[in-house]
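Colleague: Could you have a look at this structure, given as C-alpha cells, before my questions?
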Amino acid sequence: MPKLMLALDVLDRDEALKIVEDVKDYVDAIKVGYPLVLSAGLKIVEEIKKLCNKEVICDFKVADIPATNEKIAKITLKYADGIIVHGFVGEDSVKAVQDVAKELNKKVIMVTEMSHPGAVQFMQPIADKLAEMAKKLKVDAIVAPSTRPERLKEIKEIAKLPVITPGVGAQGGKVEDIINILDENDYVIVGRAIYLSENPKEAAKKYKEMLNKG
Ligand code: O7M
C-alpha cells in the first residue's frame, strides 16, 4: 500500500502546526513548499519535525545552474529530509543537489511530468526522457501525475523508482484510478482535500484508509 504525504501549503505558521497536530496519526510524510516557507521561514521544518517526528520534504522544485542548486540544497537539507528538484535543467544541475544530499544522507526527488493541464504543453513531450535520466542518476524518487494515471504508469515503468504522485483530491485525481499502479515505496500527495476540509483529521484518516484498502 502506498503512503500518504500531506502537502502543507497554508500560509500561516500556527495554522500549519495545528493541522500537523491534527493529522499526524494518519500521514506518513509532510511536504512544505514556497507558500509556507516564504510565509513562516525555513525553520518551520524543524518545528513540524519536532511536533510529529515525520519525514519533511521541501518542495522547492529547484531549477538552476549547478553552483546555485548546490547552495539551495545546502541550506534546505540542513533542516529537511529531502528536496524536490526539476530535471529539465539537466543532469549536472540534479547531480549538484545529489552530491550535497549524499553527504548529509538526505533524499533528492526529481519532477518528471507535472499534474496540471499545462504540463502537457512542454513537460509531457520530454517526460519519458526525464524518467530515463532519473533512473540513470538513481535519484531517490520521482514526481509523476495522479491526474493522468496512464502517464503515471508509463513513467513509473521507465524510471523503476519510487513515485511521489500529486493530483488526488482538489485536482480531480482519484485514489481508485491509481492505487493498482502504486506500491509500498510510493507516496500519494494530498493537499487541499485535507487542509481545506472542515475536519482535516477525518479527511486524512479517510485518505489513509483508502490507501490501505488498495
Ligand atoms: O492536493 P493539492 O492539489 O492541494 O496539492 C498538490 C501539491 O502537490 C501542491 O503542493 C503542488 O505544488 C504539488 N504538485 C502538484 O500539484 N503537481 C505536480 O506536478 C507536482 C507537485 C509537486 O509536489 O511537485 C514536487
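Including glycine, each Cβ sits where the backbone N, Cα and C put it.
Bear in mind that the values here come from a model prediction, so they are computed numbers and not experimental data.
Not my notes, these are from TrEMBL:
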ACT_SITE  Asp59  active site, for OMPdecase activity
ACT_SITE  Lys61  active site, proton donor
ACT_SITE  Lys61  active site, for OMPdecase activity
ACT_SITE  Asp64  active site, for OMPdecase activity
BINDING   Asp9, Lys31, 59-68, Ser115, 166-176, 191-192  substrate binding site
DOMAIN    3-207  domain 'Orotidine 5'-phosphate decarboxylase'
Colleague: Which of the three DSSP states, helix, strand or coil, fits Asp59 (active site, for OMPdecase activity)?
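Modeller: Going by the DSSP assignment, Asp59 (active site, for OMPdecase activity) falls within a strand, counted as strand.
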Colleague: What does DSSP assign Ser115 (substrate binding site), in three states?
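Modeller: In three-state terms, Ser115 (substrate binding site) counts as coil.
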Colleague: Listed recorded positions: Asp9, Asp59, Ile65, Ser115, Gly169. Which have a CB under 6 angstroms from an atom of ligand 1?
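Modeller: Checked recorded positions vs ligand 1; flagged Asp9, Asp59, Ser115, Gly169.
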Colleague: What does the structure give for the C-alpha distance between Gly191 (substrate binding site) and Asp59 (active site, for OMPdecase activity)? Integer Å is fine.
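Modeller: Roughly 13 Å, rounded to the nearest whole number.
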Colleague: Measuring Cα to Cα, how many Å separate Asp64 (active site, for OMPdecase activity) from Ser115 (substrate binding site)?
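Modeller: Answer for this pair: 21 Å between alpha carbons.
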Colleague: Of all the recorded positions here, Asp9, Asp59, which one's CB has the most other CB atoms within 10 A?
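Modeller: Counting every other Cβ within 10 Å of each candidate, the maximum falls on Asp59.
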Colleague: Taking Cα atoms as reference points, rank the binding-site residues Asp9, Ser115, Gly173 by distance from Asp59 (active site, for OMPdecase activity) and give the first.
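Modeller: Checking each of Asp9, Ser115, Gly173 against Asp59 (active site, for OMPdecase activity), the shortest Cα distance is to Asp9.
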Colleague: Among all protein chains shown, how many Cβ atoms are found within 10 Å of the Cβ of Asp64 (active site, for OMPdecase activity), not counting that one?
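Modeller: I count 16 other Cβ atoms within 10 Å of it.
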